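Undergrad: Here's a structure for you.
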Amino acid sequence: MVEKKPAVRSQDPGQRRVLDRAARQRRINRQLEALENDNFQDDPHAGLPQLGKRLPQFDDDADTGKKKKKTRGDHFKLRFRKNFQALLEEQNLSASEGPNYLTACAGPPSRPQRPFCAVCGFPSPYTCVSCGARYCTVRCLGTHQETRCLKWTV
């Protein structure tokens, strides 16, 4: 009879990596930076030749009805569009008395943070030892360890 090999994941729960609070925070910051850099998009018209031809529109709108005529203001808004970093730098250079994007913030919460399960969203009394994510039941813990623990979707 052929012996079955045990699954690598279920060999020994003591072999799972345990991260301290600082390592968890570094991991979360690295994941957030990767998300910030992930969706960066350049101008889709940048590589196309401009020989007086009309450039294609890369809009996802599927309007088959009447088309709205673009006004001159819309033309300049589309042509001289700025990215988020350029808008922040412009706002920092202009002196304004009121709160801006960098100075506006909410005060600390008056109540403690409510812990919710990372898998199903219900209130969770337990925390994963390895990564610090919350879970509510053994079933959610199993799902978390199989699919999410120490991966990009904590």
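Glycine too: its Cβ is placed from the backbone N, Cα and C atoms.
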Undergrad: Of 38-47, 58-67, 108-117, which span is tagged motif 'Nuclear localization signal' by Swiss-Prot?
TA: 38-47
Undergrad: Per DSSP, how many helix, strand and coil residues does the zinc finger (117-149) have?
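TA: Split by secondary structure, the zinc finger (117-149) comes out as 10 helix, 5 strand, 18 coil.
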Undergrad: Cα-Cα, whole number of Å: Cys140 (Zn(2+) 1 binding site) versus Thr103 (phosphothreonine)?
TA: 39
Undergrad: Rounded to an integer, what is the Cα-Cα distance in Å between Cys117 (Zn(2+) 1 binding site) and Thr103 (phosphothreonine)?
TA: 32
Undergrad: Just going by other Cβ atoms within 10 Å, which of the binding-site residues Cys117, Cys120, Cys136, Cys140 has the emptiest spot?
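TA: Relative to the other binding-site residues in Cys117, Cys120, Cys136, Cys140, Cys120 has the fewest Cβ atoms within 10 Å.
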Undergrad: Roughly how many Å lie between the Cα atoms of Cys120 (Zn(2+) 1 binding site) and Thr103 (phosphothreonine), rounded to a whole value?
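TA: Their Cα atoms are separated by 35 Å.
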